[in-house]
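J.: Grabbed the feature section from TrEMBL, which reads as follows:
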DOMAIN    25-472  domain 'Major facilitator superfamily (MFS) profile'
TRANSMEM  18-38  transmembrane segment
TRANSMEM  79-98  transmembrane segment
TRANSMEM  110-129  transmembrane segment
TRANSMEM  135-156  transmembrane segment
TRANSMEM  168-186  transmembrane segment
TRANSMEM  198-219  transmembrane segment
TRANSMEM  281-305  transmembrane segment
TRANSMEM  317-339  transmembrane segment
TRANSMEM  346-368  transmembrane segment
TRANSMEM  383-406  transmembrane segment
TRANSMEM  418-439  transmembrane segment
TRANSMEM  445-468  transmembrane segment
Amino acid sequence: MAGVVVSGGDAQGFEGRITAYVILCAIIAAFGGLMFGYDIGISGGVTSMDDFLEKFFPAVYARKGKVQENNYCKYDNQYLQLFTSSLYLAALVSSFGASKVCSKFGRRPTMQIASTFFMTGVILNAAAMNIAMLIIGRLFLGAGVGFANQAVPLFLSEIAPAKVRGSLNILFQLFITIGIFIANMINYFMSNVHPNGWRISLGLAGVPAIILFLGSLIIPETPTSLIEREKLEEGRRTLKKIRGTDNIDAEFDSIMEASEMARQVKDPFRKLLKRSSRPPLVIAIVMQVFQQFTGINAIMFYAPVLFQTVGFKNDASLLSAVITGLVNVFSTLVSVYLVDKAGRRLLLLEACVQMFITQGIIGAILLADLSPTSSLNGTEAGIVVLLVCLFVAGFAWSWGPLGWLIPSETFPLETRTAGFAFAVSSNMLFTFIIAQSFLSMLCHMQAGIFFFFAAWIVLMGLFAKFLLPETKNVPVDAMVERVWKQHWYWKRYMIEEDGDYGYKMKNLESGPSK
Ligand code: BGC
């Protein structure tokens with residue numbers, strides 16, 4: 001893969017307003033996030049619907065009906081988990097292919113391929129007659145997610161005027177949460193539509209995919225991608241259009257220069273293995289591991305199942321999932337507002353405290369009062385829902401959006417897309433692990449699973465405190481000088497290496513480091 005570039009630094013003073021056209025393009029692209037979010041939210045509700053279970057997972061259905069059955073193990077079934085997790089496996093594999101397509105053919109075709117994969121998956125799922133159709137459908141959906149998650153954040157970063165890049169990037173996460181919320185609501189209504197409500201739930205996933213496809217016929221290719229592929233005139237024209245001014249020479253030259261530098265790096269994946277790439281690479285991967293080990297997707301995927309476990313009836317548990325979905329959306333807005341003011345680290349650290357306390361109390365309540373064969377009383381079950389909401393809120397203004405934002409802003413230009421592909425695929429890998437194992441873990445560890453996640457939260461808090469540098473207000477192209485070379489630990493990796501073109505260039509431009 002040739003190097004791919006993201007244009008502009010935050011403080012370079014390029015001319016150009018936030019045009020209506022840019023906003024329209026950003027919203028269309030963010031439908032890729034909605035597509036992803038819809039999938040995250042839909043599977044949990046569908047897997048708790050009786051019609052669906054009876055048709056595809058009769059063993060789980062039979063077990064669910066038995067009064068004496070162990071609360072924690074009702075849903076422990078490898079195939080049921082595979083239904084949810086297969087999507088992430090496909091997304092993991094496809095994100096590397098997607099990063100190649102993205103740099104060779106552009107962001108726009110990558111989004112079109114994403115929506116085509118996605119629509120194929122939707123048709124297979126909505127029409128499913130057996131488990132094979134279901135799982136193959138999920139694999140297509142996963143390929144769609146892999147392609148969309150690679151192209152959309154890059155597209156957003158590249159078309160955004162530099163000064164609003166952070167907020168536009170979080171638009172992706174915001175649309176993920178809206179997708180999860182819509183899915184929860186649809187599940188709530190469809191659970192009363194018999195016998196095919198689940199088909200409608202799964203089928204409606206096609207709507208954001210169609211919008212993304214049709215929208216991608218309107219949006220332009222990013223100037224960066226055009227220039228990188230040597231379509232210079234088209235790149236210049238597009239830049240003028242999205243910036244709403246003819247005065248784009250400075251930004252155009254900067255993209256040209258960045259493309260030139262990135263082109264010198266023939267194999268960004270090899271460059272990523274170099275010592276000097278270690279800090280952003282480690283952080284990109286560790287952010288994803290930690291994001292998933294907060295336990296968020298245990299809740300996003302299996303909230304209805306979890307709420308049934310603590311004693312709610314089907315409807316009430318789907319409704320509780322709707323409430324947590326709403327909390328997720330609104331708390332993400334807090335992050336849009338605060339991320340460039342309070343900074344990344346403060347949000348992450350505050351959230352660790354909040355998530356640790358809530359996971360700990362949920363665990364304690366379940367340990368004390370939820371035996372395998374009884375349920376919690378109404379008040380306690382209500383408290384659990386409240387605690388889940390507080391947990392989700394903490395996640396939504398921190399590790400959720402920042403898990404995507406930080407890897408997109410900490411790589412130097414020449415390894416940015418390759419590095420981001422690692423972030424996407426690590427995210428998918430750990431999402432897969434949680435999706436595939438949560439119901440079994442719940443069955444074997446029972447309330448202990450919440451203490452397990454709480455322990456991870458302590459670890460990630462220590463990581464954020466000591467190893468994660470603050471990147472608020474640092475121009476993306478100044479990360480090496482202003483962040484990595486100044487950090488008490490990571491600076492030891494910032495030694496020049498032979499053939500390490502990118503850093504040498506930077507040193508020439510910005511003088512010796514302090
Ligand atoms: C994560 C997803 C998660 C979602 C919840 C995203 O940032 O990558 O795994 O389900 O946030 O809102």
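Note that Cβ sites are derived from N, Cα and C of the backbone, with glycine treated the same way.
Keep in mind that TrEMBL annotations are predicted by a computer and have not been checked by a curator.
Owing to the predicted nature of the structure, the values given are computational and were not obtained by experimental measurement.
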J.: Taking the transmembrane segment (317-339) as the reference, which of 18-38, 135-156, 281-305, 346-368 gives the largest number of Cβ pairs under 8 angstroms?
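T.: The listed stretch sharing the most Cβ pairs with the transmembrane segment (317-339) is 281-305.
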J.: Compare 79-98, 135-156, 346-368 by their Cβ pairs under 8 Å to the transmembrane segment (110-129) and return the stretch that comes out on top.
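T.: The stretch with the most close Cβ contacts to the transmembrane segment (110-129) is 135-156.
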J.: State the mean pLDDT for the domain 'Major facilitator superfamily (MFS) profile' (25-472).
T.: 90
